[in-house]
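One structure is given below, encoded as structure tokens.
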Amino acid sequence: IEPAAPSRPGPVLWSGGRPALRPWLAAPPLQQLDPENTGFIGADTFAGLVHSHELPLDPAKLDMLVALAQSNERGQVCYQELVDLISSKRSSSFKRAIANGQRALPRDGLLDEPGLGVYKRFVRYVAYEILPCEVDRRWYFYRHRSCPPPVFMASVTLAQIIVFLCYGARLNKWVLQTYHPEYMKSPLVYHPGHRARAWRFLTYMFMHVGLEQLGFNALLQLMIGVPLEMVHGLLRISLLYLAGVLAGSLTVSITDMRAPVVGGSGGVYALCSAHLANVVMNWAGMRCPYKLLRMVLALVCMSSEVGRAVWLRFSPPLPASGPQPSFMAHLAGAVVGVSMGLTILRSYEERLQDQCGWWVVLLAYGTFLLFAVFWNIFAYDLLGAHIPPPP
């Protein structure tokens, strides 16, 4: 940040008479930072203070500071925006200030960054795959740390592969495992006759019909789930994935009451639908290559998997002792992704609890959970549903 010329005041930062941001900012008395008691601190003074204490801002934050200063016609930044900048928290008002400013950012994008290592190039690739705004991409690129790694999606995928290998070796069957009479005896599978065992509403995600379903889900979890977790964090993506899984089994218990459920398709379709919806809503800003072709391929693959699940449910190719797994978990996961997932992905670096839309989605999901619980407790007996005997 260049010092302001004497004849023209430079951008200033509003102190507002509040305490200093950090102990290292409190070193000089406030009178030295604001000798005329105007309530503002010059940007050059602030920059000199930071550098004198050997705590320089990273390039993204320096860019943000200039953009914030230029977003106001008087070149001012409010105290809370400065706090958000230093603490790496960006509220909605912070992002609006950036969007309304002249954005004195370097003209070259991240694609022009020279001399990057393999991992930093991968981080840049993730930024362009997931984020629709250049400001967000630069912010993520400079703030990203390799620790903690995206362990949730990798751990779930690894666990699913291990469980599949164990049951494949035990049953000596690798395709259409659900037709084996011993398969449904697994304590992980959701079966309508075992609704009282509540853990099955989640653990069914570790079981799969066969190698074809496992391969499809694992591929999408690694190609889409891992980049999403790198950008949005473990907590948000795990919440979205598990919400899709739970909604899938509960939806089956309501709409297809005689059918079991296996596979992690509810969570996978929640992630994929949220990402695709986010790409469509930010189409102009997304810089991922061949986005139209990839969008069409993704929709074709997802639709084909749903069609395959419908075929296996109603036209089983082999004799079966009971109903085959339902396809409704796929559709429920997609609905969760478009609603809850899209809200999460559009709130990069913003607190969900500060958004009205998040509470609306959460209330709708909670209402659905409550309805599904009462349905599973009372509806089967009231409707006289004829469910297959539990294995």
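Placement of Cβ uses the backbone N, Cα and C atoms for every residue, glycine included.
Straight from TrEMBL, the features:
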type     : residues : note
TRANSMEM : 151-170  : transmembrane segment
DOMAIN   : 197-346  : domain 'Peptidase S54 rhomboid'
TRANSMEM : 234-254  : transmembrane segment
ACT_SITE : Ser265   : active site, nucleophile
TRANSMEM : 266-285  : transmembrane segment
TRANSMEM : 292-314  : transmembrane segment
TRANSMEM : 326-345  : transmembrane segment
ACT_SITE : His330   : active site
TRANSMEM : 357-378  : transmembrane segment
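If you draw a 10 Å sphere around the CB of the residue listed as 'active site, nucleophile', it holds 32 other CB atoms from the protein chains shown. If you look at the transmembrane segment (234-254) against the transmembrane segment (292-314), you find fewer than three C-beta pairs under 8 angstroms, all six or more positions apart, and that falls short of contact. Of all the Cβ atoms in the protein chains shown, 23 others lie within 10 Å of the Cβ of the residue listed as 'active site'. Summarised by DSSP class, the composition of the domain 'Peptidase S54 rhomboid' (197-346) is 110 helix, 1 strand, 39 coil. Taking CA atoms as the reference points, His330 (active site) and the residue listed as 'active site, nucleophile' are 6 Å apart. Long-range contacts of the transmembrane segment (151-170) within its own chain (CB-CB distance under 8 A, at least 6 residues past either end) are made by residues 177, 182-183, 186, 188, 205-208, 211, 214, 217-218, 221-222, 225-226, 228-229, 234, 237-238, 241, 264, 267. Note on the transmembrane segment (357-378): residues 195, 243, 246-247, 250-251, 253-254, 336, 339-340, 343, 347 of its chain, located 6 or more positions outside it, place their CB under 8 angstroms from a CB of the stretch.
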